[in-house]
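Summarising the annotation, TrEMBL assigns active site, cysteine persulfide intermediate to 448. The ATP binding site annotation in TrEMBL covers 181, 182, 263, 285, 294. Here TrEMBL flags 61-163 as domain 'THUMP'. The domain 'Rhodanese' annotation in TrEMBL covers 400-487.
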Ligand code: ATP
Ligand code: MG
């Protein structure tokens, strides 16, 4: 008897299967839709078939990597499928497939069965085990070096040797929509990942305090996240120009409370987008106590700005865990390229704000400035967005050439504390105004706290034809260097 063997990927569903009939039906349909999109976006072909509690994907081995990133799937096995009439045929196929593989190894056979047959799963295990025994080093049911899995479903048998774990969760989209505030940094991206994992359709809001280069870097991280994990919808990135607001805040608000007031406006921007697209929550990458803005007091003061719930999937996670997750999901490198725009924060942010004070500070703000921020919102379609690899190598340097002019973009109080001898202090926000004082024939090196704003400044000036660079890693890296030299 000729058995027709066919390669198949067995896709197992986790929580999806414990739902009631109606939700289960909806979840499985969505999962199949997401699987198809995942394959298509990865340039793979494949037929997807649904059977009660199972999904079968007929595609190549490469698809395993893709399927691991589709939420709602708990594990995948690459199997051989065939139709059989007798147990003897299953035994023979198992022998053909696994005799070589169990050579010199201990092995076990794990069999399962659904349907009506003249044999039990114990019979399958015993017969296949007996046939493979002479090929092997013996049977070890406790700790086998090789496991033969056999699953019989009706008149079909599936034989495989591995179970590849996936991430579980729920199919993206089944839990409705949220808006994630993203800075492009490690935390906010990982937070959005967790919401995708639980089946939320995540859209993104970036409050841009720097400029075009930063926006492009942030967009590329977010795109990387959704192209690898966010299948089954059309993810959007909303970008708001926060520069006028930052300027206003720095002019009028107590520097110690600026961070909290700024955060309130970010939440409001997210809420505005959420209302527009019918999203039911705001997501952030905050984790309790991680930085001054993330104390219970400051999180409370920030939260009262909006009435939508704020979800913080990382609240109980340590930085190390978050970083490890960022590496695992593949966004670490891209996030590392997005530098913090610290220039807006004060030297001594208050860790324990009181809401009344925060509100009093916020009252000083010209409300039309925020209206301007809202009307600056632009929608970017992430799926079709073309990403140019940004070469930062040209713009970033790590030495200061003596015949260049150093422009320090940090707040004046930090500049006064210490600076590069001979450097001049220009506020980042004032840069456009200061431009006509710059000489196109001279070389300029920008420096800021961590190298984010300076990179943006150098990038902008270059586009205007100036010779400009950014000091890599900012003042922080420079101080470390100087410390190293003097010790
Ligand atoms: P991340 O690693 O996500 O940048 P962080 O550790 O730098 O976070 P904060 O700067 O306090 O911490 O930001 C906390 C959260 O606020 C971020 O995770 C993000 O959700 C939101 N957020 C911060 N900056 C921005 C921004 N420029 N645009 C949109 N959201 C932001
Ligand atoms: Mg950040």
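The backbone N, Cα and C atoms fix where each Cβ goes, and this holds for glycine too.
Everything TrEMBL records as a feature, shown here on the structure.
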| residue | record | DSSP class |
| --- | --- | --- |
| 181 | ATP binding site | strand |
| 263 | ATP binding site | helix |
| 285 | ATP binding site | coil |
| 294 | ATP binding site | helix |
| 448 | active site, cysteine persulfide intermediate | coil |
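Those same-chain residues not listed among 181, 182, 263, 285, 294 yet with C-beta within 8 angstroms of the centroid of the ATP site C-beta atoms are 183, 187, 188, 191, 266, 284, 286. A straight line from the CA of residue 294 (ATP binding site) to the CA of the residue listed as 'active site, cysteine persulfide intermediate' spans 23 Å. Here the recorded positions are 181, 182, 448, and the one whose Cβ sees the fewest other Cβ atoms within 10 Å is 181.
When the Cα atoms are compared, residue 181 (ATP binding site) and residue 448 (active site, cysteine persulfide intermediate) turn out to be 24 Å apart. Close to residue 285 (ATP binding site) in the fold, though at least 6 residues off in sequence, lie 181, 182, 183, 185, 186, 187, 188, 189, 190, 191, 192, 312, 314, 322, each with a CB less than 8 Å from its CB. Secondary structure of the domain 'THUMP' (61-163) per DSSP, as helix, strand and coil residue counts: 33 helix, 35 strand, 35 coil.
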